[in-house]
Amino acid sequence: MDDRSLKLAEDFVSARYIEAGRESLRATARIMRSILAQRCCPDEGLTDAAIELILRQLSLMDTNNLAHHVGGGEREGRVVSALVRMRHFHLTHGIGRSGDLFSEQPKAAGSSLLYKITNVLMLDLIRQAGAPSTAAAVVVPMATGMTLALVLRCVAKTHMKELMKEAEAVQLQRTVTKDSTSATSAAPVQEPPMSEADRDRHDRTSLPVPATPRYVIWPRIDQKTALKCIDAAGLVPVPVQLRPAVPLARSAAPCVSTNRDSLDRGQDSIGSPSTPTSSSSLFLECHVDDVAAAVNAVGGPSQVVCVLSTTSCFAPRLPDNTVAIAQYCKKAGIPYVVNNAYGVQSRRIMTRLDAAQRLGRVDFVVQSGDKNFLVPVGGSIICSGDKERCKAVAALYAGRASMSPIVDLFITALSLGRRGMQTLWSDRYKCRARLIRQLRVFARERREVLLVDDSDDDKADEDTVGGSQRTSNAVVPRNDISVAVTMRAYGLPAAEASSSGAQLGSEQAGRVTNWAAARALGAQLFRSAVTGPRVITPAPSTPTTIAGCTFRNYGMHQDREPPCPLLVIACGIGMSESEVDALMARLRDLWPVPA
């Protein structure tokens, strides 16, 4: 209602009550005006009624909701089910036009505006998460894997154009050099006369045409989507094997091991003050030297479409060192794409991505909508430090796109606001600290090892390492989302478990461990309504082939046989402290302390 309508309403209801209603309407209008002007998420979340009012107003701007609309085409926003119309707030036209997500629809001004607003809301929240160098964000109504495939096709297309421009520049330089040499020659060689058509044909055939790059350098992560998106894009993955991670330097503290030999100790050391409850040395990471070696192995940067690395991952893998890889890609002239599936919730990951964008080359960063913003599966956010790159990938999308994931993110961003998202991020670190404290006791009681980043043993502060403040140049990739517990003797009789202690870590350790019992624990957890934790068992004799690549011990991120199965648990955004307590209670019931 406008001011004129409200003034007339005073003839029906007391003016002081109408004035209170006017102020409520103005408050919502001010927030919407602020979003449009400042292009950022509001600090405080809006009520559901206010958000629904905004959605209704936007939907009324679409032609299918005009009072006297007459449609004479094949796609006029017609929806036969009233329930479906309500589910979509009458926003039925989708987004994009003629194969470009950013194109405005003449029939859907409200939907087009909502999409543009959602993009700036996501950009603002991603900047707030720790990546202020991000210049643009585009929401794509596909899950992470297919969005990565779209990005890879865009990178391949753009990179080929760059190589062609370089080849043309080389040819131009050769022509200039040849003309200069001919002009200064004392006895120029008389060339036979050529027709215009022959000369044009000669110029085209002499242009060096670069080979089409088709390789994607991919640090190994045992997650099928990461490989299948490369295959779906018609490219060839080149896996880079991981190495054992270098332990973090940390202050002296009891009950913490930084040596792989912690798995080789006998029973006498178990339960003593030096009992290992954490071990960084069992983590795995990618070295930038191995990335460079993989590039050289396929023929150099001209044969490589991009490097595709991963930030968010399951233990014992660590996030890739995005800063080092970005610096290498900038030096080598190779595009760099980051799979940041659920990394927005990690302050560490986001600050390193920001540093990578500032110090090196990062073409695209792709993150999931559901894993980071707690919405239904179906949407992803593509980010870049270059607005033109985001425009290019949006223009590559074929056809129109679904509105559902965009509406979900729009509602969630307005409902939470900046402070609401910050609270969710802070609560995750509190839950993580609570989970680690309980898992530490759990592992010690069962004579197992908790695999967790050493610097996080007793602190939830993501900006400290080993009890000291992190310096700006200390860019060390670490996993602050996922942890793991060893299952060295799970399912073994007490006597056998005790006698096998001296052999733990050797090649025989995996053979004496009851892997079938370990796998059964994962099934029991699922039947107990506990989802998320997974049991990973070594499989040295059962190779797994995905997209033409064969792996051993798939799920453990390494070909060499790990010493034992692992119980992997992630503390993701939205997890509550009550869930942590319930998880640990059911885990204790299914995995009791050995007698």
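The backbone N, Cα and C atoms fix where each Cβ goes, and this holds for glycine too.
Since the structure is predicted, the reported quantities are computational estimates derived from the model, not experimental observations.
Annotated in Swiss-Prot:
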| type | residues | note |
| --- | --- | --- |
| BINDING | Arg75 | pyridoxal 5'-phosphate binding site |
| BINDING | Arg97, Ser98, Gln105, Arg400 | substrate binding site |
| BINDING | Arg358 | tRNA binding site |
| COMPBIAS | 196-205 | compositional bias 'Basic and acidic residues' |
| MOD_RES | Lys371 | N6-(pyridoxal phosphate)lysine |
| REGION | 96-106 | region 'Phosphate loop (P-loop)' |
| REGION | 174-208 | region 'Disordered' |
| REGION | 257-278 | region 'Disordered' |
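Feature annotations (Swiss-Prot) mapped to structure.
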| residue | record | contacts (Cβ under 8 Å, 6+ apart) |
| --- | --- | --- |
| Arg75 | pyridoxal 5'-phosphate binding site | none |
| Arg97 | substrate binding site | Ser103, Glu104, Gln105, Arg400 |
| Ser98 | substrate binding site | none |
| Arg358 | tRNA binding site | Ser133 |
| Lys371 | N6-(pyridoxal phosphate)lysine | Ser312, Ala341, Tyr342, Gln345, Gly572, Ile573 |
Gln105 (substrate binding site), number of other Cβ atoms within 10 Å: 19
Three-state secondary structure, which DSSP defines for the residue listed as 'N6-(pyridoxal phosphate)lysine': helix
Reported mean pLDDT - the region 'Phosphate loop (P-loop)' (96-106): 83
Check: same-chain CB within 8 A of substrate site center, minus Arg97, Ser98, Gln105, Arg400: Gly94, Ile95, Gly96, Gly99, Asp100, Ser103
